[in-house]
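**Student:** Positions annotated as domain 'Gcp-like' by TrEMBL: B:27-310. Feature annotation from TrEMBL assigns Fe cation binding site to B:His114, B:His118, B:Asp304. For B:Val136, B:Val137, B:Ser138, B:Gly139, B:Gly140, B:Asp169, B:Gly182, B:Asp186, B:Asn275, the entry in TrEMBL reads substrate binding site.
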Amino acid sequence: MKILAINTSNQPLSVAVLDNDCLLAQTTLTTHRKHAEFLMLVIEDLVQKADLKPTDLDRVVVADGPGSYTGIRMATTAAKTIASTLGIELVTVSSLLNLALNIQEKDTLINPIFDGRNQNMFTGLYRVKDGEMQNVIADQHTNLTKWLEAVSHYDQQIIILGDTDPFEAPMREALHSRLAVANPYLGIPSATLLGQYGLDKSPVSSIDAVVPRYLRLTKAEADWKKLHPNEDTHDYVEKV
Amino acid sequence: MARDLVLSFETSCDETSVAVIENGNRILSNIVATQIKSHQRFGGVVPEVASRHHIEQITSCIGDALRGANVTYDELTSVAVTYGPGLVGALLIGVTAAKAVAWAHHLPLVPVNHLAGHIYAARLVEPIEFPAMALVVSGGHTELVYMPEENQFQIIGETRDDAAGEAYDKIGRVLGINYPAGKPVDELAHKGQDTFHFPRAMDADDNFDFSFSGLKSAFINTVHHADQIGEKLSHEDLAASFQQAVVDVLADKTKRALKEFPVKQLILAGGVAANQGLRDRLTKEIAGFSDTKLELVPLSLCGDNAAMIGAAGEMLYRHGVRGDATLNADPGLEFEWLVDEAK
Ligand SMILES: [Zn+2]
């Protein structure tokens, strides 16, 4: 199975082309945020370097969020359009899980973090069990205080990775020696690991219905929902 | 002769649209998913919400457009997409999807200026004859564009502040009309009289520029003043007075432009081109220009749609315009100003 894997959830851009478990080509850039200019260019380049044509692909695996709203939209739009237009499968994977895949240690809780500013974070808790990455606490948009309360119930070691800088000191204060901080390069997602993870996952049943995992309403919608708690939000867009 | 088939994308604001256009002038399909109902909750377009809706709709619109046109990817000639002006996050969905389709099927990619699309919508009715002039009026734009030849666009005048459509939405709010207010205000105006005589800004100035913020302020002040003294003003007359001022300025500047730049066609394009008051007035005024024909873009194609992008895209394709995998959205994209060589 030929797989194209894409992650542009935050500043890094990572794209890989795999043939089953075997990596054919990968590019990872951390130097800029111009995903709009680079994403399709890198995809084009890698598929060509892997000696494949777009029509040779069987599956697209995308990290669909959480992350920067524009970033996860770029990856998700490219992934769902490529899968849909080529009539191939699409697998969506959490961007936090994609990062957690960088840590393959047993008996450790893996805590990928994306900075949401002002002590807010997109985060989730993972662990490797039976050779498989498992989700322990669901991905969420939360704040440091609430997150610390959630993770304090576990007594294993917790390793944080990703945007650790704003959270390391307060988390160490609460978790002491149970906290470990991953090497910064492990905070960069690998599309190869993403593709490999997506190899035996079930594809989505409706590509058209795929939307990024924002994990957060827009402010306008959140305010609206407060005022209209029972409003059905499903038919706001209509084909005319 | 083989058919030229463009698959075109438009996502610059609050409509997700994909179309298939044959030979640049025939609509085989034109799918438009409108988000108006969603943004009406907020009284106007919220950019982040718009981007989120575009990504919900994009692939289903592509599928519908191809099925509706009964066309396969193998038959397509090119992929055209709006890359500006517009909301950056919204534009990026169409640009990314168009690049993905072009790459997947080895098709040339043609970047299209959204306003060229509005103008070239006229082509879906009748061939454009050059030199031509376009009055483009929409929620984001109000400009006079001179087109000496195909694929030449030169701005000769534009709004210095609000776009005409924006002014409609703002005064609509004062009258308790939700966005988009263009159509309801137009309908209200037809039931009233111009009794308030709002200012016609820059009407006498010796240029082709517009200004609508003074008119908008005069309107709002009039209503607020009446509210303060407990006076009830006729909404019909307010709408009629506002519309008359807008139409006067647009018609006067257009007439002046036509005198200085004699053209074969005047094209009225953009969302506000659906305004009946403006259509009636220009129809009347064009009688004074015996060599110029008025092209009113049909109501169904005045709003944002991908058919118009395909119509412009086919023309640009013939002129060798191409985009590549690095094509980005250009939210502030503009035509060039006419360079007056005499000066
Ligand atoms: Zn428009």
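The backbone N, Cα and C atoms fix where each Cβ goes, glycine too.
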**Student:** Report the member of B:His114, B:His118 (the binding-site residues) whose C-beta atom has the most other C-beta atoms within 10 angstroms.
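**Tutor:** Most Cβ neighbours within 10 Å: B:His118.
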**Student:** Just the number: how many Å between the Cα atoms of B:His114 (Fe cation binding site) and B:Val136 (substrate binding site)?
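**Tutor:** Pair distance, Cα basis, whole Å: 11 Å.
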**Student:** Based on Cβ atoms within 10 Å, give me the single least packed residue among the binding-site residues B:Gly140, B:Gly182.
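**Tutor:** B:Gly140, out of the binding-site residues B:Gly140, B:Gly182, has the fewest neighbouring Cβ atoms within 10 Å.
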**Student:** For ligand 1, pick out the binding-site residues B:Val136, B:Gly182, B:Asn275 that have a CB under 6 angstroms away from one of its atoms.
**Tutor:** none
**Student:** Mean pLDDT for the domain 'Gcp-like' (B:27-310), rounded to an integer?
**Tutor:** 96
**Student:** Which ones in the same chain are close to B:Ser138 (substrate binding site), with CB under 8 Å and 6+ residues apart in sequence?
**Tutor:** B:His118, B:Ala163, B:Ala164, B:Gly165, B:Gly270, B:Gly271, B:Val272, B:Ala273
**Student:** Is B:Gly182 (substrate binding site) helix, strand or coil when read with DSSP?
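**Tutor:** Assignment for B:Gly182 (substrate binding site) reads helix.
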**Student:** List the Cα distance (Å, whole number) between B:Asp304 (Fe cation binding site) and B:Gly140 (substrate binding site).
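**Tutor:** So the alpha carbons of B:Asp304 (Fe cation binding site) and B:Gly140 (substrate binding site) sit roughly 12 Å from each other.
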**Student:** So around the Fe cation site, B:His114, B:His118, B:Asp304 aside, which residues have their CB within 8 A of the centroid of those CB atoms?
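**Tutor:** Apart from B:His114, B:His118, B:Asp304, the close residues are B:Glu10, B:Ser12, B:Thr82, B:Gly86, B:Leu115, B:Gly117, B:Ser138, B:Gly270, B:Gly271, B:Asn305, B:Met308, B:Ile309.
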